[in-house]
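Asks: Pasting a structure below so you can have a look.
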């Protein structure tokens, strides 16, 4: 039985190479337009499309080269077509070089640079063989050689970019020359000789002098859009070392700490945003090579050679060649020329060019470029997704069976019988494959919201306050280990200390469930006041199975909100912040466990879900989330659950209920002040203790708020990377006469 119709197979057989070459070109066009979007978006559909195009581009170009070689080595009646098709081989090399905006899809691709090097050798060899096989009719040698040079350079540049972005090479490029320090043996020899001569010799040590405090002076500096990018690049060149686990010095801290202290929260987060954008560029694009003198020369050379190839091809005698092949060749040349122009334009409007211009005192030109870019990209548009995903465990506890979810999916365009079978098939797949079932459920209960400015402000002010309160480097290092203890001590809630002294994942789940229970059982803010602080609106809330985006709309300006009833406002705001951070941390724990400190979070999550499912099956059906929370709080928890159940089950469901009852003993203002302070410490602990590799890995999928907090904490002096605290000692040998 022939699955593929004869007409389709005949069409593919006669036009296979033509279709593959055009498909390769189309994939390049998609990549050059979509690749710049991925660092600004956490959209999963975009990631899936980009992943598909990225992998397909290399496969299609390689397959087309192989078919070209196969055609050239066979005796065919289409010798004339074979000659012009051989001219397409250099274009496939050009496509294998890829656009400047994407060299790797993930960090793992960078580590496999040697595989691309092998591919470079093989594919260039294949292209050369195709030329050699077309020697009897070398009609297009001149334009073909020009395109071949460009293709080889582009392919080689991509391989070099992958190599330089691999962690080992990146680390080696940042390591300073070996430092043996002062000549200790010579100094001791001098010291001993003086002592043996009967002289009263002793040493006097002087540490490197500290730079003067410039915080007041730095506070007066106005950061324009150009200066933000330039200053962000300056700090990036220093602090990029933390991305590969290299050390920083006390001088690095003394340079960044007062500068960030003197900034507003918006400026500080924007500077960090610029730094991480530069880090993304060196990890996943050709930026490091494109913006070098050699790279700029290569862009001009590529444009000139392709333009010359187009002119030479236009002058060639095309008599006897198929019109379709001539048209495809013109399309390839024109598209290559347009893509080169686009790469030059992107080079000229990039942040790297802004820095280059500002260094040469051309700030007005740089500002003009930014203004024109903002016509396309709205002013203030973040260089990352600026979103934080949310995962509400109580909502997950109340989940309906997956089969019920699918039965609610409407398929009106399908016949009734077929639709019913399709639904049943989906239910069976999901129910009998636990991994698929769990993934579906997790995705079902994820929402997303934009990171509000007031959350950034609170995070910045909290880090600034703690950083300034540290008296020495030891105090700063101590802030790394704070995960709620400091907040509870400051609020005199020592009785709650047990909840943050457990394993980190257990503390996250305890406080997440407790925060949700407190939030759901509080009197609604809208009932307290007609002037609501915020309201949530879920887009596409009737859709099922997709990610829901939640917007937070401000009813007043930030200045107005701190107005008359500051205490009431503060309570509501901290309740919202607690909920946001709680759901975000739960999302990281369940779906991004690599960004969390090591633990048994998955086991604890599964056991807690199992206990909740068992509980709600035994109880009356919960009408909504609030009713479910009230049912949980009705359970008597005088005795610790571990005393009754033992420690085999790692569920924390009713431990969290005990925590809620203790929190309920506080008034609302203090309760949410404590909760928000604990969550900010837990957030900071996760950020600073997450591995640099995990942070870097998130940059290619829109970035994470956690990574921005990580960079901000290091700028504030909080981080284990500061291993050099005094530098070279200046020791003098003093001899008393």
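Including glycine, each Cβ sits where the backbone N, Cα and C put it.
TrEMBL does not curate its annotations; it predicts them automatically.
Checked TrEMBL, it gives:
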type	residues	note
TRANSMEM	17-36	transmembrane segment
TRANSMEM	48-65	transmembrane segment
DOMAIN	51-396	domain 'DUF4220'
TRANSMEM	85-105	transmembrane segment
TRANSMEM	112-132	transmembrane segment
TRANSMEM	138-156	transmembrane segment
TRANSMEM	327-349	transmembrane segment
REGION	524-544	region 'Disordered'
Asks: Can you tell me which parts of the same chain pack against the transmembrane segment (85-105), counting only residues 6+ beyond its ends and a CB-CB cutoff under 8 A?
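Replies: Tertiary neighbours of the transmembrane segment (85-105) are 17, 21, 24-25, 27-28, 31-32, 35-36, 50-51, 54-55, 57-58, 61-62, 64-65, 68, 71-72, 119, 123-124, 126-127, 130-131, 133-134, 140, 143-144, 147-148, 150-158, 161-162, 165, 283-287, 290, 313, 325, 328-329, 332, 336, 339, 343, 346-347, 700.
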Asks: For the transmembrane segment (17-36), could you work out the same-chain residues 6 or more beyond its ends whose Cβ comes under 8 Å from its Cβ atoms?
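Replies: Long-range Cβ neighbours of the transmembrane segment (17-36): 46, 49-50, 53-54, 56-57, 60-61, 63-64, 67-68, 71, 85, 88, 91-92, 95, 98-99, 101-102, 285, 324-325, 328, 331-332, 335, 339, 342-343, 346.
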Asks: If you average per-residue pLDDT over the domain 'DUF4220' (51-396), what number do you get?
Replies: 87
